[in-house]
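Questions regarding the structure given below will be posed in turn.
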């Protein structure tokens, strides 16, 4: 039943993606976020309330699908309410004017297909080559990295409509500034969280999988490299896809990434088992990220010097934080979840402040101060 409902809902979800893109193109991110957050809250309530009523997991899955359908209806309603938009389902497609748009869409589709093969197929293969339990372990190890990846992706999705508009207006200088500043700010936001999780990987694995799974902490820490690499390429990738020829080159990089991923996975599968997919994920990302940065650098004449300095200093700060944690563990017993959580938060704040002071330049620091000041004013009002 779940599969049937999901299959029947796919066309509706596809249309919803188109309508959501139209809202984002009109800078109505407030409407989009309202619909998304409302759906997330509703799903969280379903997850809590349905089991209390004795509902099955199938009912929760169906609820998740129906919430997606409700989002599509919400996008349609918001578009219909917008005065400048008139939705007409009866129209004739002019192939001459639509051909460039369809070619660009086909390039996007190829990139999404590569991404699906990269992100979703490994779980199926893990289940085929091992057991359901190993699938659970694999997903648990990558659950937090995927969460960070989702956060990074939110920034990219928000930038895409702006990149298309700036590209049409010929504002290359503005795009270059957004890429240079935005990349550093996004990395400065994501790196402290990721590095603090690496430092406390043993404690996090104990909390997620139990005390007897300490051997998996190294794999958890390695998995966190993936979203950190995404954070330094996400802004540039989101801006450069406004150029059709650049999308084709980005797809070539994605294909290289995919070939490297599956080649490494096949080579190491007999030796490592499901861990081969994790090693392949990190190595292929290390291969593709510099290629993506070089593509963006060529297209917009980006200066990656500040990013290189940031990475070196951020890594040094992370190593210092790790050394401090190791030394403190010899003097202080960190055994309860409360103390571990406090130590994690202190470490993350230390990395945040250190990156702010020593890894960012004055321009990025001033932007952060302005954003914090505006947030404080908004809260007071």
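Every residue, even glycine, has its Cβ placed from backbone N, Cα and C.
Remember, TrEMBL labels are computer predictions, not curated facts.
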According to TrEMBL, transmembrane segment applies to one of these ranges: 155-177, 339-361. Which one is it?
339-361
Grab the same-chain neighbours of the transmembrane segment (57-78) for me: Cβ-Cβ under 8 Å, and only residues 6 or more beyond its ends, written as numbers and ranges.
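Same-chain contacts beyond the flanks: 1-2, 5-6, 9, 12-13, 15-16, 19-20, 23, 28, 31-32, 35-36, 38-39, 42-43, 46-47, 50-51, 87.
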Who are the long-range neighbours of the transmembrane segment (30-50) in its own chain, taking Cβ under 8 Å and residues 6 or more past its ends?
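Same-chain contacts beyond the flanks: 20, 23-24, 59-60, 63-64, 67-68, 70-71, 74-75, 78.
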How about the transmembrane segment (307-327) with the transmembrane segment (253-271) - do they touch, taking at least 3 C-beta pairs under 8 Å (6 or more apart in sequence) as contact?
no
At a C-beta cut-off of under 8 Å, are there same-chain residues at least 6 beyond the transmembrane segment (253-271) that contact it? List them, or none.
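Distant contacts of the transmembrane segment (253-271): 111, 114-115, 117-118, 122, 129, 277, 279-281, 283-285, 287-288, 291-292, 295.
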